[in-house]
């Protein structure tokens, strides 16, 4: 895996947030390590008066308590908004039966709307919490948790976020908990991705950053090539999530001057 100067990376993120978000930020806090890390860094950059944390549960579980631990340890303003009535109303009015993934996407997009409603009313920016591992594999909801004004962790792999979290004082129980998108009860990232973050990051770094051949990656890591192909398929299959909508080109149909 690549070697990162973590102390300088932390300073760079803090400077970035301070430069881009001087009016303040709104952060969705899930109780996971990514949102906790973003919130800690934003507070270091802007001061606690300019950071609003929104805790938006659909389920009442340990994640809510972990999210409260983050905001209370930092002393920032926060609000707990139960999205269940909103989501259930939307689903009811849609009038079709949704599977658990589709329902999870409705939850993520509901949270996005709430974040932006607060940010607009306060003239602030929404800070996203996606990391590079999620971004490259498409492990986020399009126009949901993937939507933000700035994403301080977007160029850091999940394993690097864990390291930064430890260095800036994110509570240990949050750093060590199993990552989950919180889209349904019992859901975990690694189960859904079909691979551990440690191995995923090793493959992604070689596949995307170093542009190594699949066979060489498998040989380097001592793993079946099918594992590498699985990650490659995740990256290729989610390309549409990483770009704005496109349409056909008409350049060749335009008459000359």
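Cβ atoms here come from the backbone N, Cα and C positions, even for glycine.
Features reported for this protein in Swiss-Prot:
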- 28, 29, 30, 31, 32, 33, 34, 35, 129, 158, 180: ATP binding site (BINDING)
- 34, 134: Mg(2+) binding site (BINDING)
- 109, 142, 149, 240, 241: deamido-NAD(+) binding site (BINDING)
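Cα of residue 240 (deamido-NAD(+) binding site) to Cα of residue 30 (ATP binding site): a distance of 25 Å.
Note: the Cα of residue 241 (deamido-NAD(+) binding site) and the Cα of residue 134 (Mg(2+) binding site) are spaced 11 Å from each other.
Comparing C-alpha positions, residue 109 (deamido-NAD(+) binding site) sits nearest to 129 among the binding-site residues 32, 34, 129, 134, 180. DSSP assigns residue 28 (ATP binding site) to a strand in the three-state reduction.
Counting in whole angstrom, residue 142 (deamido-NAD(+) binding site) lies 12 from residue 134 (Mg(2+) binding site) by their C-alpha atoms. Residue pairs drawn from 109, 142, 149, 240, 241, the listed deamido-NAD(+) binders, are separated by up to 19 Å at the Cα level.
Neighbour density at the Cβ, taken as the number of other Cβ atoms within 10 Å, is lowest among the binding-site residues 109, 142, 240, 241 for 240. If you take the Cα of residue 34 (ATP binding site) and the Cα of residue 149 (deamido-NAD(+) binding site), they are about 16 angstrom apart, rounded to a whole number.
Note: residue 129 (ATP binding site) has non-local neighbours 27, 28, 30, 32, 34, 35, 37, 38, 145, 148, 151, 153, i.e. same-chain residues 6+ apart with C-beta under 8 A of its own C-beta. In this structure the alpha carbons, written CA, of residue 180 (ATP binding site) and residue 134 (Mg(2+) binding site) are 12 Å apart. Within the set of binding-site residues (34, 134, 149), the lowest number of other Cβ atoms found within 10 Å of a Cβ is recorded at 149. Reported as a whole number, the C-alpha separation between residue 134 (Mg(2+) binding site) and residue 149 (deamido-NAD(+) binding site) equals 17 Å. Secondary structure at residue 129 (ATP binding site), as computed by DSSP, is coil. The binding-site residues under consideration are 30, 180. Their Cβ neighbour counts within 10 Å are lowest for 180.
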